[in-house]
Amino acid sequence: MKRVVLANSSIRKFSSSNALGTGIKEAVILSACRTPIGSFRSQLASLSAPELASIAIKGALERANVPASAVQEVFIGNVCQANVGQAPARQAALRAGLDVSTAVTTVNKVCSSGLKSIMLATQQLQLNHQQVCIGGGMESMSQVPFYLPRGETQYGGFKVVDGIVKDGLTDAYDHVHMGTCGEKTSRECNISREQQDEYAINSYKRSAASWKNGNIGPEIVPVQIKGRKGTTTVTTDEEFTKIDFDKLKALKPVFQKENGTITAGNASTLNDGACAVLLTTAEKANELNAKPLARVISYGDAACHPLDFPIAPALVIPKILSSAGLKIGDISLIELNEAFSVVPLAVIQKLDLDPEKVNAHGGAVSLGHPIGMSGARILTHLVHALKPGQYGLAAICNGGGGASGMIIHKM
């Protein structure tokens, strides 16, 4: 297949908000919460993505004490939509008790879907198209089906295709796994297997410490699972507890057998979960008698060659900083999605970021990566982790060669 080649100029094309120009409303965050993240085919596997998202939406409304009837529009990211049913985000909204008149859109920007959904909700508020919106993300990777292609049956039978790999984790142009793209980045940035393993171990340690110290708990909405033996309540993430550091260092490379660097231990995992962020305008917040947690400062997208998607956050971060009139030193916490350990390592290298500010409480390698949810998760964590007066930046890469980013200010 002919490779898609993007001109150098294309990586500088992006969309971002102006720093509250004339007529632009101020968008604020009233609440942000998420379900625990379940391991693949484990605690949350019985719930569909819309069911998980409905729980997060209810939680966001309850925390802000805002009635469901006040919500005018919803954007929810969801990547693997096969067999979920029509209009997955609409299912989530109605399950959460939102009015049938609520406008709802399902968003697919691969791993950036959740953050892009929040950006779209923000735009509706800034342009005065709506006054109360919800943005978020959801994924049940445990329920993604296998595919059988239509058409004439070939001699020898059908080839079954894994929906997660096909629609979530494979480059559509060169037909290679996202991990193969990560290996390309590790070679070009000279990032070793040892560096990636060490980063992954640190991610697990940070996540464990953050759960112990109460840095993650406040963003969680419990999920009740009904079973034959009664109801089980899930309140914590699963993935960060499933680690043996000695075994991690001994794992074999997955995507490049000879001199490969990416393993199952230093990459993110397959997971289930959902997240919801409730936004409104500053004026409407006063009318609702609701206290905002944070204000949206700037946001944007960037793009590069599909095979270079791991470095895309390094393109969007300078753009949203410029739009906000800020420097990287003004940012207190940076959340970079850890699709693979090489992603934050490459972005830290390219932008000379302070490693202590990046994923200070752990990331997707140790917490899990429900792909449609993750962009919303990293922003939600910033909302809770920042101290009043601080700025936080969230950025996430996505398959196809892209990234989305947002800067918020804690109130």
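Cβ coordinates come from backbone N, Cα and C, glycine included.
Summarising model confidence by region, the domain 'Thiolase N-terminal' (28-282) averages a pLDDT of 98. Annotated domain 'Thiolase N-terminal' per TrEMBL: 28-282, in sequence order.
Around the Cβ of Cys111 (active site, acyl-thioester intermediate), the same chain contributes Val79, Asn337, Ala339, His369, Ile371, Ser374, Gly375, Ile396, Cys397, Asn398, Gly399, each under 8 angstroms and 6 or more positions distant in sequence. Among the features that TrEMBL reports, active site, acyl-thioester intermediate is placed at Cys111.
Look at TrEMBL and you will find 291-409 tagged as domain 'Thiolase C-terminal'.
As annotated by TrEMBL, active site, proton acceptor applies to His369 (among others). In this structure, His369 (active site, proton acceptor) belongs to neither helix nor strand by DSSP; it is coil.
Note on Cys397 (active site, proton acceptor): other Cβ atoms within 10 Å of its Cβ, all shown chains, come to 36. Secondary structure at Cys397 (active site, proton acceptor), taken from DSSP and collapsed to helix, strand or coil, is strand. If you look up TrEMBL, you'll see Cys397 (among others) marked as active site, proton acceptor.
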How many neighbouring Cβ atoms, not counting its own, are there within 10 Å of the Cβ of His369 (active site, proton acceptor)? 26
The domain 'Thiolase C-terminal' (291-409) resolves under DSSP into 47 helix, 34 strand, 38 coil
Taking DSSP as the reference, which of helix, strand or coil describes Cys111 (active site, acyl-thioester intermediate)? strand
